[in-house]
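Visitor: Sharing a structure with you now.
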């Protein structure tokens, strides 16, 4: 039986936050930008899917994956395969030696469509592949790793290696994957020209809507007991395990979910940008996507979206004016986020802006769950901030303790040498 | 595939191939030792490891220029000076980075990863601004190039031998430092139990700083040595980073012997596979094997047993 | 088809060339300006006539785009192209510009990232409305921007030698396509050096693979033998195993298309393994190492290798001497110029010629005017744009010297026709 908790699905602040984001994404941005810039924002939003997945699996689950690009790429490639097959009808490819197959296959002397490309002619298949294939892949990785209790740094490095393997494979098998060029020149979706301005606007809205669905889904998970188990697990994995939970299953679940989000992002990317290439699969983009999440605040779902938008917008502006300075700024951003404000923009907002807002904004009924969520373990925060946040939680009346609630939200009792005092 | 060759040819090739594997082994050990110290002993993930190597390479480049211009008579021996300088420069930068950044991030290994990644971006752009976007060519003394012909077909590259000797030298140096010196004892004490080490009067902060510095310094020497076999450009460091991490993790993070064993396994399997398969596939298969074994044995080949 | 040999090309000194050769000195600069403005004053038609599609053209300026990577891994290669394009633009401006309008450029950074290329090209075409774009280097970046150029009807001048298999109405390819570069080189090595067996080696991506495919077909057509074909991932740095394989197979020719950082590792290790390229046993023929790359490899490590391409810095003709001098004056005396740099330099000149022939900046008119455009002032000699938007050009074989330059040992007698879709080689 699922325990009915007294935590509300969203606090008042969160409702306001979502409304604000919706206004910005659905009204302000489309009204104030031309189609070119709107399309750019749409592209950035596809990265926000990955950042969102990382908030769940890194911020809440404590699993840092440096291979999210693999899932982004898989999703993108599934979409691109469908679009490419549609673009390669025998009529428009009649100059090839084998008409009717994608151009890059023809250049690589492939005379027949490989069997595993064939099902991608069907949109329903392609759409389900976008969601299922990366999730399945994440499941396999997850089962192998988490059941054996591989975690933390090891997991990060292994996912990085997987990203490297994928890149080499995709580039090496160019007859089947388009190689380093990727799958390019995608034109239509079921006859609808995705390159036209009106299509760009519509795709932008589709992308925003999909992002909102993912956001709400994440919010839902956070609100359910699952979310709290995740946090507890991140902070004190042993105790959760001793309480009778199978930690690995939760990790696998959240990793799969983040993979699925990334894949949806990848598919939206392909639709809006019009091609997919292995340059998203590798290590560098995967790590860059982590920084989007970190800038926004690794514990804040909305922060991930803002962080992604901000970093990418800064990147575009910087590289238009001072291309050579961009890497300095990016590097400094990495260091600053980690050292000065580990919880990103979200924590800055909480500390400096929120207290100044009128009382109706914060309300009186902010639930316990939300505050536990917002507090993070002292493992992840530093110095003063951690103390402050901790005090804030302690001073809140804990109304109805439950399994997860009784777990100390912090792990300070753990001595540094690896010896528990309790 | 071998029927068309004589027995003698095959023996020669076997020998040469073994030697190629040994060179790769030395290269991997040299790359990984610095990281093994930093990651294994301190738990810090230094993503800027490759950039420290390139710093060593650029130091070598500058030294070669200075010798060419001012001390042409001593050019034959400049490489040793360059390696010493590379060590010092990287050591100094390492200490600085530890002092300014890493020491605040202990116990947050994933955050050191991000911060050092940021550092690597800054260093890359710095190299590009200072040395230009193009690769630089490091001129080597004549005696270090070419090969030593043992028989008609067996030719042993001199720089390969140089790298092997250097690796042996550095590895034994690290061994003595870690297991036979007072300092090494302190490092190991800090790794095993930081509060207790502090309690018995070890300055843990200082130990950390020098550990990180030495790890970076060794990266610098590796970078300096790699000017013989690889390229020196702003982004060359990134070519090494995945391999290096895999070697360290595969070996078992806290075991130096493990690092060496894993470097040996990876290098031999890769060079054997490369001989029978195409280069790309050999690389993929090697990586897959490593990842596969890591999934089965996440603690790596050699795990140090300590209470966690 | 009219065929120009090399001599006629260089002897054909148009007034344009003469003017350019003396503006390289600062003293002659004002003179050049006066000369240019006096001769070109007739060509200053109203903007409404020369620009009917809303490009960024005013009464005295025209804006173009430069789109290369100045950051990331490709910055190594693309820097030279940016420098060449800027030099060409400066020189054109010093002569009075195009249709009486000074060229201004907007430079964007592709950051070695293909989607960024697509994004920036869209910005250049849609927001900045540039009249032409000079840029891209890798095939991947070109493939990424191609749909953008076709959709918004822009014109791209693409400088790199590449694998062919493409012919876009919105691209002028100023580098060689694969067959131009490969077939002449192999024919030479077979005829002059009596090569019988080949070992093909490359980095693992489309250009080396396609090029080796063409090379293999051609070698087999000649009745000769390919004894090995190998690909290594981009950025690979350990080549000892393949060197052993080469030693085992004893080919006459190593045909190497290794790129980027791998290049340096490959040649250093080849030398260290005791394969002295100057002995030509085996002989090494490459199509991927220009003078730019030798800078990183080191002349002493590649001495004795042969390269087949259309341009070498050491080319001995007045056009090239003036070009090299101007390039060094602008960018420093130590700089080297490779094949792609020269091809990038042609871009603005070809565009200028097309605009002047069309009497308009409109893309469609430029496209119509482009085939048949000749450039007698090209550093490589004479070039002409083919119907298929590639250039007729000669292929030369250079022998790498210790000082990092190539000595030209062979030059195809006639201009080679570009053939991006070679029948029988696919």
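Residue positions begin at 1 at the first shown residue.
Cβ coordinates come from backbone N, Cα and C, glycine included.
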Visitor: Looking at the candidate ranges B:20-40, B:188-208, report the one that TrEMBL labels transmembrane segment.
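Guide: My reading of TrEMBL: the transmembrane segment range is B:20-40.
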Visitor: Would you call the transmembrane segment (B:158-178) and the transmembrane segment (B:20-40) in contact, using three or more Cβ pairs under 8 Å, pairs 6 or more apart in sequence?
Guide: yes
Visitor: Counting a contact as 3 or more Cβ pairs under 8 Å, with residues at least 6 apart in sequence, do the transmembrane segment (B:109-127) and the transmembrane segment (B:52-71) touch?
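Guide: These two segments touch.
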Visitor: Within this structure, do the transmembrane segment (B:52-71) and the transmembrane segment (B:241-263) have 3 or more Cβ pairs under 8 angstroms, counting pairs 6 or more apart in sequence?
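Guide: No, these stretches are not in contact.
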Visitor: What parts of the chain pack near the transmembrane segment (B:275-296), using Cβ distances under 8 Å and only residues at least 6 beyond its ends?
Guide: 17, 246, 249-250, 266, 269
Visitor: Using a Cβ-Cβ cut-off of under 8 Å, list the residues of the same chain that are 6+ residues beyond the ends of the transmembrane segment (B:20-40) and lie near it.
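Guide: Counting only partners 6 or more residues beyond its ends, the transmembrane segment (B:20-40) has Cβ contacts under 8 Å with 46, 49, 52-53, 157, 160, 163-164, 166-167, 170-171, 174, 178, 191, 211-212, 214-219, 221-222, 225-226, 229, 240, 243-245, 247-248, 251, 253-256, 259-260, 263-264, 266-268, 270-272.
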